[in-house]
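Structure, as structure tokens:
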Amino acid sequence: MNMMTSSILMILILLTTPIIISMTNLPKLIDFPSYATSSIKFSFLLSLLPLLLFFHHNTEYMITNWHWLTINSIKLTMSFKIDYFSILFLSVALFVTWSIMQFSSWYMHSDPHINRFIKYLMMFLITMLILTSANNLFQLFIGWEGVGIMSFLLIGWWYGRADANTAALQAILYNRVGDIGFILAMTWFCLNMNSWELQQIFLTNTNNLVPLTGLLIAATGKSAQFGLHPWLPSAMEGPTPVSALLHSSTMVVAGIFLMIRFHPLTSNNSTIMTAMLCLGAITTLFTAICALTQNDIKKIVAFSTSSQLGLMMVTLGINQPYLAFLHICTHAFFKAMLFMCSGSIIHSLNDEQDIRKMGNMMKAMPFTSSCLIIGSLALTGMPFLTGFYSKDLIIEAINTCNTNAWALMITLIATSMTAVYSMRIIYFVTMTKPRYSPLITINENNPNLINPIKRLALGSILAGFLISLNIPPTNIQILTMPWHLKMTALLITILGFAIALELNNLTLNLSMSKPTKLSSFSTSLGYYPPIMHRIIPQKTLNSSYKLSLNLLDLIWLEKTIPKSTSITQTQLSKMMSNQKGLIKLYFLSFLITISLIFILHTLNPEWFQ
């Protein structure tokens, strides 16, 4: 057994140990959150070994541990694919989860079921790692469904609140739609290629639209692309550590990761590439517009995630899977940090999430505010922060791309809007006058709060540089670009900041005016939730009610038993007799008959002898 295999298996053992321990009585005797945090920390340190080995040798590995069963000629084995995507994602996910886990021990300290919460977070991470390292579709599907069910349990953690239950159900139902696409693709591969192994699928490389459409539907559901996006802002009902983990390195990037994993198939199909490009462009613009008018700090960050996922889908649409993966890795650092800074501020202000009731947090919480600003600047692609290394490359690739100009244009507009809503958070939360109660006592001295944010702040500054150094050489030709194209990313970011600052200054002291149609559109999330969650279900319910009324009450209960019985009896009686119910006529006929008999008897009595 070589060093790569043994270190990967050691990481797996380290991560599963806390879950096994949680099934015994040991968590009552030890500090379970600290134990789980330590196990993830050591897993991260251990994951650096295979990462450096991979960068040194640049060789992919496949670890096959256990042959499960054979169905006809399909072999199902538990095998791990250790390539550039899975090995780098392993280290990034472990680093981010280490910080989130430590943050959870501070944020959830008063929760009576904190041990179970930590266990769920661990399982969430493990299912995501199963998904990223799977070498066959069956194993990938186990990770896919595991991520879905764990998100359901964690979003609905505070199950006493109706909103949390609704949000959890919403997440699982929208993901069911995506799962239909995944199962469709699995079925097609099974029937046509007789295998679920990724190598076999890529080797045959049939340019068929059906499985790729199924995979795109799956990615749309899991990564909250336009059409199946409403569950993502609703998922903010869960605790802040859940939001941080869900949006940074698990769940929402699973759909994008799936499309990256299948890029050898998608790159040969221009139809699916165009579909990905247009879908991503619509998503990134729509969610950026929605983020502009939100007042809940967590919802703004959630919509920013959705917008970045749209940008990743656009990157896949212009056939740049390595760039999309680079953006996943860089995005994980500052997005987790933004959520943790938001959670720290919310916790300190007695669970206040409205940015209009914050202000001047730079004086009250200098460390958290500084990290919030670093995260927001990294999100906008400020030069030499982490986001710049992926976002700048993506915008350069968009500028030099020769497909679909409208999709690329609205992507650039949405990128400019990123700066607008990031500036809005900075302005309302850290600047201006304080708008919260002076009785609130604020304390940010807990090491379980400071250390995780500090680590992620460091990652938000350096990680992009370190990761971009290690992108494997690709066959993309080196381009020389005019300076105005090269500076596009920076220019649209600065433009967004300038517009946001000017608008914030203009609207700070103005009285409330009647909202415009565009403002109403953005505030009500494009009227999508009322249409999808109110009008369509109501119409469906009404039509179902009328249909069931006609089928059950009018047809079955009335016409089948009571009416059919009476109609049958009437028809039979009409066939069997001609009586019409005319009593006088009947008596008259009796009278005539009796009179005739009497007369005949009188005239001829011998006839009756």
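For all residues, glycine too, the Cβ spot is worked out from N, Cα and C.
Beyond the transmembrane segment (6-26), the same-chain residues lying 6 or more positions past its ends with a Cβ under 8 Å from any Cβ of the stretch are 32, 35-36, 39-40, 42-43, 46-47, 49-50, 63, 65, 80, 82, 90, 94, 115-116, 118-119, 122-123, 125-126, 129, 133. Residues or ranges marked as transmembrane segment by Swiss-Prot: 6-26 (among others).
Residues annotated as transmembrane segment in Swiss-Prot: 35-55 (among others).
Beyond the transmembrane segment (84-104), the same-chain residues lying 6 or more positions past its ends with a Cβ under 8 Å from any Cβ of the stretch are 11, 33, 36-37, 40-41, 43-44, 47-48, 50-51, 54, 60, 114, 117-118, 121, 125, 128-129, 132-133, 239, 241, 244-245, 248-250, 257, 260-261, 322, 325, 328-329, 332-333, 336, 340, 343, 448-449, 451-453, 455-456, 459, 463, 467, 470, 472. Feature annotation from Swiss-Prot assigns transmembrane segment to 84-104 (among others); the stated evidence is sequence analysis.
Long-range contacts of the transmembrane segment (140-160) within its own chain (CB-CB distance under 8 A, at least 6 residues past either end) are made by residues 117, 120-121, 123-124, 126-132, 134, 167-169, 171-172, 175, 179, 182, 186, 218, 222, 235, 237-239, 242, 246, 250-251, 254, 258, 261. Annotated transmembrane segment per Swiss-Prot: 140-160 (among others), in sequence order, evidence recorded as sequence analysis.
Residues or ranges marked as transmembrane segment in Swiss-Prot: 171-191 (among others).
According to Swiss-Prot, the feature transmembrane segment maps to 240-260 (among others), an assignment based on sequence analysis. Long-range neighbours of the transmembrane segment (240-260) within the same chain, counting only residues 6 or more positions beyond its ends whose Cβ lies under 8 Å from a Cβ of the stretch, are 85, 89, 92-93, 96-97, 100-101, 103-104, 107-108, 121, 124-125, 127-128, 131-132, 140, 143-144, 147-148, 151, 154-155, 157, 178, 182, 215-216, 218-225, 232, 266, 276, 298, 301-302, 305-306, 309, 312-313, 316, 321, 324-325, 328, 331-333, 335-336, 339-340, 342-343, 346-347.
Taken from Swiss-Prot, the feature transmembrane segment applies to 300-319 (among others), supported by sequence analysis. Within its own chain, the transmembrane segment (300-319) has Cβ neighbours under 8 Å at 219, 223-226, 229, 232-233, 235-236, 243, 247, 252-253, 255-256, 259-260, 263, 266-267, 273-285, 287-288, 290-291, 294, 327-328, 331, 335, 338-339, 342, 355, 379, 391, 394, 397-398, 401, 403, 407-408, 411, 414-415, 417-418, 421-422, 424-425, counting only residues six or more beyond its boundaries.
Residues 92-93, 96, 99-100, 103, 107, 240-241, 243-245, 247-249, 253, 297-298, 301, 304-305, 308, 357-358, 361, 364-365, 368-369, 371-372, 374-376, 378-379, 385-387, 389-390, 429, 436, 440, 442-444, 449, 452-453, 456-457, 459-460, 463-464, 467 of the same chain sit 6 or more residues outside the transmembrane segment (330-350) yet have a Cβ under 8 Å from a Cβ within it. For 330-350 (among others), the entry in Swiss-Prot reads transmembrane segment.
The transmembrane segment feature in Swiss-Prot is assigned to 365-385 (among others).
For 456-476 (among others), the entry in Swiss-Prot reads transmembrane segment.
Here Swiss-Prot flags 481-501 (among others) as transmembrane segment.
As annotated by Swiss-Prot, transmembrane segment applies to 581-601 (among others), with the evidence given as sequence analysis.
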By Cβ distance under 8 Å, which residues at least 6 away from the ends of the transmembrane segment (581-601) in the same chain are close to it?
-> 607-608
